[in-house]
Amino acid sequence: MNAKPGFTDYIVKDISLADFGRKELSLAETEMPGLMATREEFGPKQPLKGARIAGSLHMTIQTGVLIETLAALGADIRWVSCNIYSTQDHAAAAIAAAGIPVFAVKGETLTEYWDYTAKLFDWHGGGHPNMILDDGGDATMYVHLGLRAENGDTAFLDKPGSEEEEVFFALLKKQLKEKPKGYFAEIAKSIKGVSEETTTGVHRLYDMQKAGTLLWPAINVNDSVTKSKFDNLYGCRESLVDGIRRGTDVMMSGKVAMVAGFGDVGKGSAASLRQAGCRVMVSEVDPICALQAAMEGYEVVTMEDAAPRADIFVTATGNKDIITIEHMRAMKDRAIVCNIGHFDNEIQIAGLRNLKWTNIKPQVDEIEFPDKHRIIMLSEGRLVNLGNAMGHPSFVMSASFTNQTLAQIELFANNKDGKYKKEVYVLPKTLDEKVARLHLAKIGVKLTELRKDQADYIGVKQEGPYKSDHYRY
């Protein structure tokens with residue numbers, strides 16, 4: 001299986017992997033009932049006809065099923081991965097072979113990553129996208145910061161705060177020189193909205209809303225219950241240990257593990273390690289989450305306490321500088337360090353660059369300190385479950401991606417009479433319950449049905465929604 005004759009609008013590692021990718025896409029479809037039901041329900045209506053979706057989300061097999069669902073609903077698509085290590089090359093090849101522009105290679109350089117992101121916005125056939133589907137907010141930030149610089153505020157371009165920002169800001173400077181005047185303004189004007197997949201990207205959206213700089217309506221997919229309480233929790237519960245094992249072949253049972261953060265991702269990560277037989281410690285800044293961790297039986301400590309004690313370290317906070325150089329200096333010889341938050345700045349990777357690095361295998365590095373003690377770093381501090389393993393299972397991603405599809409329909413087809421303003425929204429609970437309902441039969445769940453008198457007694461409709469918006473699941 002090769003690309004369609006004459007179709008060259010893609011960059012993948014090896015297009016000959018497309019057959020392998022297509023077989024795995026077929027397998028994944030069986031495990032993604034929400035997306036398949038969405039195709040069946042909305043396919044004939046073509047609600048995304050005319051949508052030009054710029055997608056920046058891990059180019060995995062599961063994402064391939066999402067892409068083909070969006071296409072089945074009428075959308076035209078361009079796609080990149082939102083992480084330099086998360087692409088599954090056979091998945092990217094299968095999507096390219098189907099004639100969909102995709103620019104994604106496992107192990108991209110940062111320069112390639114941002115060059116590929118820029119390719120999202122120069123549409124095949126001319127023009128620009130009119131929708132963004134984002135994970136982490138990089139595609140959204142590309143337009144917002146590009147427009148800011150185009151409008152004359154360029155001082156920030158000379159003040160990068162990380163290696164990644166150096167590369168990103170260099171690209172923006174290049175674009176300002178090479179693209180026609182008003183390039184970013186045209187893109188910003190053409191886009192109708194963005195749906196955001198993950199916690200980090202959602203924080204960026206709320207920050208822009210607070211500052212009054214958000215350019216379009218946005219739907220926070222992450223805080224749909226059927227995303228955050230399933231993908232973030234149960235997905236991490238399965239994929240974290242998978243990544244650590246594939247990377248290191250270490251015996252988990254009996255090891256001491258430290259998880260920084262006890263939000264949904266941290267909860268899933270701690271459970272993953274406990275189920276593997278680890279003795280798990282947790283650090284937290286939030287007293288509520290700290291109390292939850294303690295009540296679950298975890299030892300709640302600081303990173304300073306854990307550094308000399310733990311064998312395995314996992315960051316899951318969405319914050320920066322959680323594991324510092326000083327922490328790593330205090331760790332045991334060959335302690336394993338990894339991150340399952342979106343960005344690599346949870347671990348002070350930049351401060352390790354002047355030390356001796358020995359690559360063991362792809363996405364596994366041994367770093368030696370001057371005192372000769374070493375640590376094992378997985379995926380250079382980027383997402384361990386996608387860099388060292390295959391990410392979350394298809395079933396749980398079906399729920400997340402069904403939410404993404406519904407969010408794209410809402411913003412593109414249902415934004416009538418100014419329904420959505422330049423603010424951040426969440427999908428209504430009726431859709432959240434619908435997404436859950438679509439996944440029940442696959443795992444043999446039988447719902448109890450409320451009688452009318454029972455529904456009246458608790459003040460809900462028989463068909464739902466069954467909980468108030470402020471209910472905490």
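Every residue gets a Cβ built from N, Cα and C, even glycine.
Residues or ranges marked as substrate binding site in Swiss-Prot: Thr60, Asp135, Glu197, Lys227, Asp231. The NAD(+) binding site annotation in Swiss-Prot covers 198-200, Asn232, 261-266, Glu284, Asn319, 340-342, Asn385, and the record cites sequence analysis as its basis.
For Glu197 (substrate binding site), the same-chain residues 6+ apart in sequence whose C-beta sits under 8 angstroms from its C-beta are Leu57, Leu133, Asp134, Asp135, Gly136, Val221, Asn222, Lys227, Ser400, Gln404. Fewest Cβ neighbours within 10 Å among the binding-site residues Thr60, Thr198, Thr200: this applies to Thr200.
All chains included, 23 other C-beta atoms sit within 10 angstroms of the C-beta of His342 (NAD(+) binding site). Around the Cβ of Gly263 (NAD(+) binding site), a 10 Å sphere holds 20 further Cβ atoms from the protein chains shown. Annotated pair Val265 (NAD(+) binding site) and Thr60 (substrate binding site), C-alpha to C-alpha distance, rounded: 20 Å. Gly261 (NAD(+) binding site) counts 27 other C-beta atoms within 10 Å of its own C-beta, drawing on all protein chains shown. Ile340 (NAD(+) binding site) sits 17 Å from Thr60 (substrate binding site), counting Cα to Cα.
When the binding-site residues Lys227, Asp231, Val265, Glu284, Ile340 are compared by the number of other C-beta atoms lying within 10 angstroms of their own C-beta, Glu284 comes out lowest. In the three-state DSSP assignment, the secondary structure recorded for Thr198 (NAD(+) binding site) is coil. Each residue contributes its Cα atom, and for His342 (NAD(+) binding site) and Asp231 (substrate binding site) these two points are 14 Å apart. In this structure, the C-alpha atom of Gly261 (NAD(+) binding site) lies 16 angstrom from that of Asp231 (substrate binding site). With respect to their backbone Cα atoms, Thr60 (substrate binding site) and Thr198 (NAD(+) binding site) stand 16 Å from each other. A Cα-Cα distance of 13 Å separates Gly263 (NAD(+) binding site) from Asp231 (substrate binding site). Classification of Asp231 (substrate binding site) by DSSP places it within a helix.
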